[in-house]
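J.: For 1-52, the entry in Swiss-Prot reads region 'Disordered'. Residues or ranges marked as compositional bias 'Basic and acidic residues' in Swiss-Prot: 20-31. Feature annotation from Swiss-Prot assigns S-adenosyl-L-methionine binding site to GLU93, ASP118, ASP145, ASP168. Residues or ranges marked as active site by Swiss-Prot: ASP168. Residues or ranges marked as substrate binding site by Swiss-Prot: LYS172, ASP204, THR241, ARG242, PHE243, GLU244.
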Amino acid sequence: MSDSHHTPEAASASLRHVRAKGEPRFPDGPKADPAGSHFERRIRSFQPRRSRVTAGQADALQRLWPLWGLDIDGRRVVDLAELFGNARPVVLEIGFGMGETTARMAAADPDTNILAADVHTPGQGNLLGLAERQELPNIRVANGDAIILLREMLAPGSLAGLRVYFPDPWPKKRHHKRRLIQPEFLTLAATRLAPGAVVHCATDWEPYAEQMLDVLTAHPDFENTVPGGGFAPRPEHRPLTRFEGQGLDKGHVVNDLLFRRVQHKEPPPNG
């Protein structure tokens, strides 16, 4: 989560080589593509941008990445219990901006592990620094495309939740196909979410909110947690961001969506 929409810069596949103005590089996953190669080509979990890395962020990346970082390379299935050092539930957050809200949520719920994925190098360094200063052992930072992370590196049913806060709305009609929350993405995410896991999305772009509501409502693997359907009130566990507060002061509407992964009933045996 950030103070603006998530349009992260593509970072180096290895953060030991931190570049303030490096060329964008994207991790190449295996050729096998059960979710469909067309889906991956037109939808990524990020939009590249360039930003400067401060000395403090670079220091955090150099020191802490070997301890709390995960490169999304598509080469292995991650043992989440080994990654976090415990078997507590893991929530995947896609796009976290500078990480302030991620840190606040981790501090408020120490019994839940947060795997925060982004490619914005300054944000990665900032979140690692926050985790160290605030002593938050339940945060791990993943560098790369969350689509590859979901498809190639997370085991089926391994996630207790998914958070997508203020993703790029791609407001132009011809770019709507690039929005993250689409049926194909939800189908992929559903395979990695345990039954009962909650997908929590938030956006201040009303047309995107309506699209999110439509595709989540129509998807057979999810059900709205709001009685009667519709948008959810902002839950107390999601802090108000600075960006969000500024938008609310200007009369902007922020919509939250909370959908639960459905437990499908097994068909009765024949006979």
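Placement of Cβ uses the backbone N, Cα and C atoms for every residue, glycine included.
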J.: In DSSP terms, helix, strand or coil for PHE243 (substrate binding site)?
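T.: Where PHE243 (substrate binding site) sits, the three-state DSSP reduction gives helix.
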J.: Around the Cβ of THR241 (substrate binding site), how many other Cβ atoms lie within 10 Å? Please give the count over every shown protein chain.
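T.: Around THR241 (substrate binding site), other Cβ atoms within 10 Å: 23.
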J.: Output the one of ASP145, ASP204, GLU244 that, of all these binding-site residues, has the highest number of other Cβ atoms within 10 Å of its Cβ.
T.: ASP145
J.: Can you check which residue among the binding-site residues GLU93, ASP118, ASP168 has the largest number of Cβ atoms within 10 Å of its own?
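T.: Its Cβ has the most other Cβ atoms within 10 Å: ASP118.
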J.: Looking at the binding-site residues listed here (ASP204, ARG242, GLU244), whose Cα lies nearest to that of ASP168 (S-adenosyl-L-methionine binding site)?
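T.: Going through ASP204, ARG242, GLU244 one by one, the Cα closest to that of ASP168 (S-adenosyl-L-methionine binding site) is ASP204.
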J.: Using CB atoms and a 10 A radius, I'd like the single residue among the binding-site residues LYS172, ARG242 with the highest neighbour count.
T.: ARG242
J.: For the substrate site made of LYS172, ASP204, THR241, ARG242, PHE243, GLU244, how many Å separate the two farthest Cα atoms?
T.: 25
